[in-house]
């Protein structure tokens with residue numbers, strides 16, 4: 001599933017081909033995604049693109065009269081292609097640009113979304129989101145105070161978008177390993193030093209993944225069709241039974257909220 005680094009990688013990849021250009025029209029071959037493609041997108045015509053932003057795992061394409069909100073779901077990806085590129089089976093949405101390029105949305109599992117909003121402030125999918133992990137609003141004392149009294153396992157807790165956005169399964173496992181924190185620990189057990197270290201490594205892990213173009217495990221590709229390379233940097237995720245790269249202890253796995261968690265029993269306490 002594309003997480004924050006993959007979405008940010010997509011944003012950076014598509015922005016130069018959209019901003020300052022005009023969407024001539026949208027071609028929707030299959031509107032039945034997680035939610036039906038919004039009618040306003042189906043009727044787009046000669047709409048200049050003003051900006052491409054990201055909030056959590058949502059891409060926000062700013063137009064003159066509103067915003068397209070794109071969520072990549074479980075298996076979605078965006079690519080920039082020549083306008084007349086032949087679509088394949090899972091290519092569901094195209095934004096045809098005045099430059100002769102097309103932004104193509106591919107989603108084999110169709111769990112993604114293409115939505116419309118007149119204003120970001122009134123969008124229900126953006127309401128109640130927590131702070132951005134790479135911004136100054138996500139800091140040690142915030143995390144420490146928010147964790148007081150929480151009995152939920154720390155792994156599951158930091159994946160809650162109301163706590164902090166965009167820390168999905170891969171990066172939660174990797175960040176907890178880097179911080180030396182066992183994923184089963186109650187969130188409320190964090191002390192101030194734990195919170196300081198965890199905030200710092202979350203920022204580092206996410207930033208490194210963005211620099212590497214994200215993590216390609218199955219479906220994610222960058223906007224130029226290339227894979228992300230952060231998978232080569234993974235210390236615990238997907239390495240069940242393999243030796244820890246720090247101490248040699250076999251990596252273990254457990255379930256948190258129906259998600260697989262990977263950790264080292266010796267390095268994480």
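All residue numbers here begin at 1 and follow the chain in the order shown.
Quick reminder: no glycine exception, Cβ is built from N, Cα and C everywhere.
Positions annotated as active site, schiff-base intermediate with DNA by Swiss-Prot: 2. Taken from Swiss-Prot, the feature active site, proton donor applies to 3, 57, 259. Annotation source Swiss-Prot lists DNA binding site at 90, 109, 150, citing sequence analysis. The feature zinc finger is assigned by Swiss-Prot to 235-269.
What Swiss-Prot annotates, mapped onto the structure for a quick look.
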| residue | record | Cβ contacts under 8 Å, 6 or more apart |
| --- | --- | --- |
| 57 | active site, proton donor | 2, 3, 4, 7, 71, 72, 165, 166, 168 |
| 90 | DNA binding site | 106, 107, 108 |
| 150 | DNA binding site | 157, 186, 187, 188 |
| 259 | active site, proton donor | 156, 159, 169 |
Surrounding CB atoms that lie within 10 Å of the CB of residue 3 (active site, proton donor), all protein chains: 23
Distance in Å spanning the most remote Cα pair of 90, 109, 150, given for DNA: 42
Of 2, 109 (the recorded positions), the residue whose Cβ has the fewest other Cβ atoms within 10 Å: 109
For the zinc finger (235-269), the mean pLDDT of the predicted model: 95
Three-state composition of the zinc finger (235-269), taking helix and strand from DSSP: 0 helix, 12 strand, 23 coil
